[in-house]
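Report on the following structure.
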C-alpha cells in the first residue's frame, strides 16, 4: 500500500512538464502568488497541527477565533498535563470554578481581531456563583467582591460620576463586548481554595494568549494591576502597545496607596486610537451599571409604585438584566438591587434607602450568605423592620 501523503506535500513546487517552458532560476515570482502559497502553507500547517490536538472537551470549548494561534501550545506537554490534572480533580468530586462552559468566556466574547484592552487578573473567584470566566467580573446580581468595589470606586472618581450614575452591579460583560479582554492568569480554581490551580499549566496557556495579542494586534492598552500582573506583562512590546501599571485594587494593596487616583480608565480612553472602530469607553454605562438605563439592549430600569395601606408611600426602582419578575410558583424573584424612594411626607426618615438583594440569599449583618430558604430581607436604618411582604413585593 502506498504511503499516505502529508497534506503539505500538495503545496510543494510542481516540476515543469516537458511541453511547458521551464522557468530559470532567476525568474521572478509574483507577490500575489507568493502570498497565496504562504497562506496555503500556513493553513496546511494548522490543519496538520489540529490533528494532534488533545481529544478533550475543554479543548473543544476554545473559541474558533483563538484556536489557530493557541493550537501549538495546546499540543504542548504542559497543556496535556493541565488537562490530566483537571480530569483528576473532577474525578475526585472536587468543585471547580468557573463551570467548564464558562472557562473561556473572555475569549468567546472578545475575538483576537477585536481586542483593544487587556485587564490582567490572577485567578478566578473561588466562592459559589462568582466566577464566570472574566477577571474581576461577577454575574449580574452577585454582590461585588472588595476588589471589584474598589475598581468601580476608582472608575467613578476618575470619570467624575454623580451619585445617580454610580454602579448597580459588578458585571463587566459590557466592557468585554466592546473589546476589553478580562483575562486571568489562571483560568480555574477549586472551590474555597484560592490559588489552588496555580502552577498547574494555566500560566503558560495565558502567556500564549498575551503573546498572540502582542504579535497580532496593534495599539492595545494593557492594564497591569499588582506585582503579579506586572511580571506577567513583561513580555509585552511597549513600543507597540500602551501599558498602564498600578497597585492591585484589593483592599490590602489599595489602602497602602497606588490604586486610588491612578486614573487608568480615563488614560485608557485617551490612549485608544480614535479611528479604530467605535471608541471603547470605560464608563459605568458600558459596565451595565448606570442608573439611567444606558446599560445595553437587555437591561432596563423598572419603576413600580406600590400601595401600602392604600397610600402611595414608596416608589421602588430596581435594575434587572433580564425580566423584572419571573414567577416561580406563587413566589416572585426579587431583583439584585432595590432603591426605595420615600415621598416628601416621609422626610423625617430616610428619603432614599438602598438595599442589595440576591435571590436565595439571606442578610446576616453586612454579609450575604447563600441559602436554600426563600429570599428575606429588610431595609436599612429606620426601615429595617419593614419587610418585603408588607410592601407587597414578596409573599413569604
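Glycine too: its Cβ is placed from the backbone N, Cα and C atoms.
Over in TrEMBL, the protein carries these features:
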ACT_SITE  123  active site, proton acceptor
DOMAIN    108-272  domain 'Uracil-DNA glycosylase-like'
REGION    1-32  region 'Disordered'
Item checked: Cβ-Cβ neighbours of the residue listed as 'active site, proton acceptor' (radius 10 Å) -> 21
Next item on the list: Please state whether DSSP places residue 123 (active site, proton acceptor) in a helix, a strand or coil.
Entry: coil
